[in-house]
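Asks: My questions all concern the structure below.
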Amino acid sequence: MKESAQIAHTVAKAILHEKELDNPFFANSKLHLDVSAGATPTDGPSTGCTMVTSLLSLAMKKPAKMDLAMTGEVTLTGRILPIGGVKEKTIAARWSDVKTIIFPSANRRDFDKLAPNVKAGLEVEDDAEQSATLKSHLSVSGNLRDE
């Protein structure tokens, strides 16, 4: 998790530099992301996408919408890796009044296979489509990083 936080910070800085060259947020701010051993336990580093979005939201002073959820490990190049637990994460999103979920594109088939009652009322987008979602929710265009 600590490595995910460091990667998210690096990727967010790179994206901010591309989108708002003159934004001094990361140069002028000290950040701490608490991913200590006592934090909420996870089976993997699939919070990277969310961390990047949160950091960009803070840096750009543009809040992400409350009904948006996302998951996926982010690489140093900004690629979002496949996740596990699509069904469980979808159910958790529904319980949390989420309207849109962003999954890694490699997990699109996993979501499509879920029973209709599990995914009822949810719009799902994969990272190939997240350009429009992040643009509308956070004013960031493109994938996390264009490769």
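Each residue, glycine too, has its Cβ placed from N, Cα and C.
No curator has checked TrEMBL annotations; they are predicted automatically.
These came from TrEMBL, pasted as-is:
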type	residues	note
ACT_SITE	Ser46	active site
ACT_SITE	Lys89	active site
DOMAIN	1-147	domain 'Lon proteolytic'
Asks: Does anything in the same chain, at least 6 positions from Lys89 (active site), have a Cβ under 8 Å from its Cβ, and if so what?
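Replies: Spatial neighbours, sequence-distant, of Lys89 (active site): Ala69, Thr71, Ile83, Ile101.
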Asks: Might you list, by sequence position, any residue in that chain lying six or more from Ser46 (active site) with a Cβ less than 8 Å away from its Cβ?
Replies: Thr71, Gly72, Glu73, Ile83, Gly84
